[in-house]
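Feature annotations, reproduced from TrEMBL:
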- LYS107: active site, proton donor (ACT_SITE)
- LYS71, LYS95, SER364: substrate binding site (BINDING)
- THR195, ASN234: NAD(+) binding site (BINDING)
- ASP149: site 'Important for catalysis' (SITE)
Amino acid sequence: MAFDGEPSFRQSVDLMFNRAVSVMDLSPGLEEKIRVCNSTYTVRFGVRLRGAIHTFTGYRSVHSEHMEPVKGGIRFATSVNQDEVEALAALMTYKCALVETPFGGSKGGLCIDPRDYEEHEMELITRRFAYELVKRDLINPAQNVPAPDMGTGEREMAWIVDQYKRMNTTDINGAACVTGKPLNAGGIAGRVEATGRGVQYALREFFRHPKDMEAAKLKGTLDGKRVIVQGLGNVGYHAALFLSSEDGCNITGIIERDGALVNPKGMSVQAVRDWLSEHGGVEGCPEGTYVADGAKVLEEECDILVPAALEGVINRANAGNIKAPLIIEAANGPITAGADEMLRVRGTVIIPDMYANAGGVTVSYFEWVKNLSHIRFGRMQRRQEEARHQILIDELERLSADKGLGWTLSPGFKDQYLRGAGELELVRSGLDDTMRAAYQSISELWKSRSDVSDMRMAAYIVAIDRVAKSYRSKGL
Ligand code: GLU
């Protein structure tokens, strides 16, 4: 439970913003312009279901239009409210600036528990919500481009793009009105797992910076590190899966809605996920010992804590008990401003949300570009690249034969070298490059300025500075 007096999510974001601008040289007018949320549209609409009219409340908030389109997901959850949507829209502005995707910040939400409805009912509701937003240009390839968030995924994005196209039959760029679509509806390879991949790339980059590791008193590599993950949804599942199967991390704790599983030896993320899909909870899963009070597992010993579910889960009530020396915020806003301060004092290193979970919007950007260019990445170059590599292999083999050297290239090398990059390889390379560059901009500032005490503050400064430059160049 949060303490009384804990700031709201929106206030938390503002407090973190204020810390950053206190050491920046922004004119007060510009500071206020960047901080405020430009607009929030609230819609209430009715859908006839099961013989009665049901009324739903939805939001689309635009935080900053210094670049357009504005970008940010649509969340389906019962916790959705205006404060939350505005906080998330503000984070999108800073996130996009930090990873240099040319977008302003926006976010949407529908107050609903998707588990209460059948698939065809969800389609009616989603299409109706999309209709309300499309007709006000709050979904539009040039102005406002939603994406998945909590409670939404490819399925909802496919309905939204179809709804947009029905209402804009001659818009040749219609597919770019939303990202996170299935491949067959204009999506891009690697988008589903992009946020989890981004978390993995962020951690890999952290472990390439010895000074930053020292701040968290961590040594070595990711191999063997004990990781606790909260939330095995799209982001938490992929992050934990990649960290364990590709980097050698031990997933020692998994926290879900109904409780948690712990196992000091590490668990198979796939086995827990399969159990969860089948049983709706983690209780009884043989991968680990079940703990009914899941939130308590946030306080267990580990090397890396990955909150990948809701906002505010680490607050003033439990921050004092958190033992992890490194927290990576895979969710948006999992640490309140109050808890952030307490953790900072204790020396916990926090890789902040606006950076840590930016993999999703980064690959959304690639998808949007793909849709506008009407061609799959790699389609023109792939075979040409393979043909050029083949020339080199042929030449090496000819030299070896001519000179009687007896060289043979290992089949593994040949296969790997010969394969031209397809869309998935290019998406991963672009994502990795983006995550590395953004990390470096944060780390450099953090380490070079004595008045910048932590990575969150550094990330805000880098992002706000870019937004400010963009406003200034518009004459504001
Ligand atoms: N909802 C995701 C986020 O919070 C993705 C947004 C997007 O791809 O536009 O970053």
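Note that Cβ sites are derived from N, Cα and C of the backbone, with glycine treated the same way.
Because TrEMBL annotations are produced automatically, they should be read as predictions rather than curated entries.
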Cα-Cα separation of the residue listed as 'active site, proton donor' and LYS71 (substrate binding site), in Å? 7
Please list, in sequence order, those recorded positions from LYS71, LYS107, ASP149, ASN234, SER364 with the Cβ less than 6 Å from ligand 1. LYS71, ASP149, SER364
Excluding LYS71, LYS95, SER364, please set out which residues of the same chain place their CB within 8 Å of the center of the CB atoms of the substrate site, keeping sequence order. GLY72, GLY73, MET92, CYS96, THR101, PHE103, GLY105, ALA147, ALA358, GLY360, VAL361, THR362, TYR365
Rounded Cα-Cα span from THR195 (NAD(+) binding site) to SER364 (substrate binding site), Å: 10
Expressed to the nearest Å, what is the distance separating ASP149 (site 'Important for catalysis') and LYS71 (substrate binding site) at their Cα atoms? 12
Is it possible to get the count of other C-beta atoms within 10 angstroms of the C-beta of SER364 (substrate binding site)? 27
Rounding to whole Å, the Cα atoms of THR195 (NAD(+) binding site) and LYS71 (substrate binding site) are apart by 15
For the C-alpha pair, I'd like the distance in angstrom between ASN234 (NAD(+) binding site) and LYS71 (substrate binding site), rounded off. 19
Pairwise C-alpha maximum, in angstrom, for the residues (LYS71, LYS95, SER364) that bind substrate according to the record: 13
Using DSSP and three states only, what is LYS95 (substrate binding site)? helix
Between the binding-site residues THR195, ASN234, where is the Cβ count within 10 Å the lowest? ASN234
DSSP on ASP149 (site 'Important for catalysis'), three-state: which is it? coil
What does DSSP say about ASN234 (NAD(+) binding site): helix, strand or coil? helix
Counting every protein chain shown, other Cβ atoms within 10 Å of the Cβ of LYS71 (substrate binding site) number 27
Which one is it: of the recorded positions LYS95, LYS107, which Cβ has the fewest other Cβ atoms within 10 Å in this structure? LYS95
Using DSSP with the three-state reduction, classify LYS71 (substrate binding site) as helix, strand or coil. strand
